Amino acid sequence: MASIIIGSQWGDEGKGKLVDILSQEFDVVARCQGGANAGHTIVVDGKKIALHLIPSGILNERATCILGNGLVIHLPTFFKEVEGLKAKGIKYENRLFISDRAHLVMDVHQIVDAMKEQELQNGSSNDSIGTTKKGIGPAYSSKASRGGLRVCDLFHFEQFKKNYARLVENKKKRFGNFEYDMEEEFKRYEKFAEMIKPFVVDTVYFINNAFKEGKKVLIEGAQSTMLDLDFGTYPYVTSSASSVGGACTGLGIAPNKIVNQIGVVKAYTTRVGAGPFPTELHGDEAEALRKEGGEYGTTTGRPRRIGWLDIVVLRYTGLINDFTELNLTKLDVLSNTDEIKIGVDYKYNGEIIKSFPSSLEVLSQCEVVYETFKGWKTSLAHCKTYEELPSEAKTYISRIEELTGRRIKWIGVGQDRSSMITK
């Protein structure tokens, strides 16, 4: 059976750390969607390891890691990460595999991603999505319009070249005749076609066979539910299904194989790029939390927007994913805060609304109803058990459980792998 770890806010909740910890108990760790826009950082023995494509479970040497068919993969980034693993002495041979059905992010996708973003910025700054410019959206667009390139296409290289040339010509028609050296790309990808062979398998068969053999599978969600193409704050979303349903379509597994849905919740809220953010803070208060939490994007380095915890969001993402338990992360970041707030409801036209609005116009007019809590004003670094937490911190945790109706099982109180309390 499978468990899945899913972000419950707008990403950057700290999913990688829990994956790293729990992967020790699993035989297979799989990613099901997204691409190199999914930066995750793990701290082991004080050393930071940053990954974008490869699952965090690679640090568990007994686990097999899978990049499923739902991903879009930029091969230069993949091989750069493989070299990084090799340099750190992390073994990946015969335990890191890519789906033959996964789509490829080509450099032309990254070029048009930046051009599209610039177009939006030139039109109106309010229309800019704030993408990572990693080519993720254009690659998924190529996939949806049936003009994309898949990993399996690399093994029929003459046809691959024809399809790639057609893809580039279509992009030039849309965005103008930009400079692009096709011959150089062909040479590069001909080498990649050989280099990638040891990593490529039919992951649909592989994972379902693992289930038959009684193996445990951990699915590592990327981005977050509030960035989901269908359920997020559209159009300020990612281009894939980043809620629980994306695991089924992105790996080729049946819904009944997933028995645990673990939601990861930051103790406050952050967001990268444009889009609505009802509980957002500004000025010195936001900057203090940003510095304390090191809130700068793993992929882009951009400062993240900061806000209070939003229970309306958590109730909504809880409904979509039916979280069986929660991991509350970065509780320690709030340790220097005098007063801590939680957004518990939205008011629209003076009335409490029951659900998260689909309309951004409605959302922009909502007023957040807050509850205020006394801060604990002491370091949590020494806390190894729930009982050792300050009473104010325990009050905060209990209230989140009450408001969401979900149990918090893990509590992050520091960066390192060891700084996780199991409740």
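Using the three backbone atoms N, Cα and C, a Cβ is placed for every residue, glycine included.
Predicted automatically and left uncurated, TrEMBL annotations should be read as such.
Just so it is clear, the model here is predicted, and its values are computed rather than measured.
According to TrEMBL, the active site, proton acceptor annotation covers D12. Under the heading active site, proton donor, TrEMBL lists H40. The active site feature in TrEMBL is assigned to K143. What TrEMBL records for 11-17, 39-41, R304, 330-332, 412-414 is GTP binding site. Look at TrEMBL and you will find D12, E13, G14, K15, N37, A38, G39, H40, T132, R146, Q223, T238, R302 tagged as IMP binding site. Per TrEMBL, Mg(2+) binding site is recorded for D12, G39. Residues or ranges marked as substrate binding site by TrEMBL: T298, T299, T300, G301, R302, P303, R304. Feature annotation from TrEMBL assigns compositional bias 'Polar residues' to 122-131.
Location within the structure of each feature annotated in TrEMBL.
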residue	record	DSSP (3 states)
G14	GTP binding site	coil
N37	IMP binding site	coil
K143	active site	helix
Q223	IMP binding site	coil
G301	substrate binding site	coil
L331	GTP binding site	helix
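Of all the recorded positions listed (K17, H40), K17 sits in the most crowded Cβ setting, with the most other Cβ atoms within 10 Å. Each of the binding-site residues G11, G14, G39, G301, P303 was scored by the number of other CB atoms within 10 Å of its CB, and the largest score is that of G11. Over all protein chains present, the Cβ of L331 (GTP binding site) has 24 other Cβ atoms lying within 10 Å. Taking CA atoms as the reference points, T41 (GTP binding site) and R302 (IMP binding site) are 15 Å apart. Looking at K143, R302, R304, the recorded positions in this record, the fewest other C-beta atoms within 10 angstroms of the C-beta turn up around R302. For the binding-site residues shown (Q223, V413), fewest C-beta neighbours within 10 angstroms: V413. Note on the recorded positions D12, T300: the fewest other CB atoms within 10 A surround the CB of T300. Taking CA atoms as the reference points, G39 (IMP binding site) and D12 (active site, proton acceptor) are 8 Å apart. The separation of the residue listed as 'active site, proton donor' from G14 (GTP binding site), Cα to Cα, is 7 Å. A Cα-Cα distance of 14 Å separates R304 (substrate binding site) from H40 (active site, proton donor).
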